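A.B. asks: Taken from TrEMBL, the feature transmembrane segment applies to B:14-37, B:44-62, B:68-85, B:97-115, B:141-161, B:189-213, B:225-251, B:272-295.
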C-alpha cells in the first residue's frame, strides 16, 4: 500500500469534484466548466508536443479551428452524423499535422516557433477569405453532432463528453510519459544529440507526437464547436495558440495533470478579472509576464514541492515514474 | 491589365516591403544576436503609430509626430529590455514567447484603455497629401516618402553594420557573444542599445504606416507575423537578408492579391476564381515561406557565422 502524494491527490480530488459538478451547479457554471474541460483537452494535446517533446508550437489553434470546422462544414450541408465529422476531423488534422509537422521539424528553435505560427495564420486567412462559409463572421451550427443516440446539443452533454475524453487522455498520458515512446520524446527535449547518438530516430518520434497532438487538439475543437454552436476563424487566431501555451506552462510542462490545472487557472483567473474590470486583459498580460519571469515549474511544480513536505514512504515504482 | 496598374502595384509592393523591413530589421537583430523571440515588437509598432497620431494631432506638425514616435520607441524599448528581455536572454525560447505574449496583451489593452476602441485618424500635412506624376500616371506623394524613408534606413543600417565600430561589435556579437564580452566589451549595454534601436525602427514603421492604415489597438499583430515570415525567409540574424526578403514578401503579397484572382479567371470559372483567388492570395506568402523552408531551412540569405 503506497501513500498518495499531494501532487496526485489534489488533482484527483479536483477531477472527482468536476465529475459531480453538472449535477449540482447551474447551467451557466456547467457551460463554463465545459469550456475549462475542452481547453484542458486542447492543452493536454499541446502538452504532448510542447511539454514532452519540447516542440514550441505557436500554431495549435489551427487544429482547434480545423476541429471546429469539421463540425461546422458538414452541419452547414445538413450532415450531423458525429462519426462522419469525427472521421473528417481526424483525417484533416492528421494530414495537416503530418505535412506542417514534417516541414516545421526541419527547423528548430526560433524558426520552428515561427513556422508553426505561419501555418496557423495560413489556415486563419484561408477561412477568413472563404466568404461562402461565413468568412470573418464565422459559421453558426444548426444541428449538434450526433453519435448514435447521443446528441451534443446541451452544455451538459458536451460537458460529459469532454470530461470522459479528458479522463481517458490524462490516464493515457500518464502511461505514455513512462513508455519508451514518451521517454524518447522527453530525452530528446533535454538533449537531442545524445538521443540521436543512442541510435533513435528522434525526428520520427517528434513527428508522431506532433500529429497525435494535432488530432487530439482537433477533438477539443469538435467539442468546442458543439458547445458554442458556432465556429469562427477567431478561434484559429494566433492569440488562441498563445493562450494554449500559457495554459500548458501555467499548469506545469510535461506533467500529467498540468493541462487541467493550467486550463482551470487560466480561465478561472480570466473569469475573475472580467468581473473586476473591463480592462482585465492588461492585468492578465502582466500576470503572464510574471509567470514567465518567475520560471516554469507551474502549478504541478508547486504541488510537487508540497510532496517534499509530506513524509511518505516512496515506492520505487512511483519514483521511477517521476524520472 | 494595364501598365499603369502594374507600376502602381509594384510601387505599392515596394512601399509595403520597406515598411516590413523597418520592422524586420530590429526583429532579426534581436533574434540573431540575443537569440530573443520578441512578439511584443508589433506592440512597439502600434505605440509608434499612436505617438504619431496623438502628437501630430495636438501640435499639427507631422515631423514632431514622427520624432515622438522615435522617442517612444527608444524609451519603451529600453524599458522593456531592462525590465523583461534582459532577464530572459539566458532562458529558452518558450519563456520569451510567454513573456512577450503577456506584454502584447498588456499593450493592446493599455491603448484601448487610454484611447478607446475607436481607430484614431492621422491627418497628412498639406505638402504630402498630394500626388506625384510619374510618366503619365499619378501616385500618392506620401507613399513615395515611405519608400524613401525605408530605403534610407536600409542604407543607413548597411553603413552602420559594415562601416562603424558599433557595427563591428554587432557582427562579432552575432557570431560569439561570450567572446565579445570576454574581450572587454560591455555586452549588456550593446544588447540594450540594439534592442532600443530595433524598437525605434518598429515605432518608425508604425508612424509611417499610421496615416495609411487605421491606428487602433491590436494593429501590430498582423504586420508582426508578416515580419516574422520575412526574417525566416531572409535568414534569421541577417539584416541584408531581411531587406531582400521584405521586398520579396511585399511584392509577392501585393501583386498576388491583385493579379491572382485575375489570373485564375483565365483558367477557372468566374465563381471558382472569385472564391479561391483571394483565399490563395492571402496564403501566398505563407506558402512561399513553407517552400523556402522545405528547400533551405536556414533561409535564403543567411547570416555568415563562424
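The backbone N, Cα and C atoms fix where each Cβ goes, glycine too.
Keep in mind that TrEMBL annotations are predicted by a computer and have not been checked by a curator.
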A.B. asks: Can you tell me which parts of the same chain pack against the transmembrane segment (B:272-295), counting only residues 6+ beyond its ends and a CB-CB cutoff under 8 A?
C.D. replies: 226, 229, 232-233, 248-249, 252-253, 256-257, 260-265
A.B. asks: Near the transmembrane segment (B:189-213), which same-chain residues lie under 8 Å Cβ to Cβ, leaving out any that are not at least 6 residues past its ends?
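C.D. replies: Same-chain contacts beyond the ends: 19, 22-23, 25-27, 29-30, 33-34, 41-42, 44-53, 65-66, 69-70, 72-74, 76-78, 80-82, 85-86, 89, 122-124, 142-143, 145-146, 149-150, 153, 166, 169-170, 173, 180, 219-220, 223.
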A.B. asks: Should the transmembrane segment (B:141-161) and the transmembrane segment (B:68-85) be scored as in contact, given a threshold of at least 3 Cβ pairs under 8 Å and pairs 6 or more apart?
C.D. replies: no
A.B. asks: In terms of Cβ proximity under 8 Å, which residues at least six beyond the ends of the transmembrane segment (B:14-37) contact it?
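C.D. replies: Contacts with the transmembrane segment (B:14-37): 45, 85, 88-89, 93, 96-97, 100, 143, 146-147, 149-151, 153-154, 157, 170, 173-174, 177, 191, 194-195, 197-202, 204-205, 208-209, 223-224, 226-228, 230-231, 234, 236-239, 241-243, 245-251, 253-254, 303.
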A.B. asks: Are there residues at least 6 beyond the ends of the transmembrane segment (B:44-62) whose Cβ is under 8 Å from a Cβ of it, and what are they?
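C.D. replies: Contacts of the transmembrane segment (B:44-62) (Cβ under 8 Å, skipping residues fewer than 6 from its ends): 23, 68-73, 76-77, 107-108, 111, 115, 120-125, 128, 199, 202-207, 209-211, 213, 215, 217-220, 223-224.
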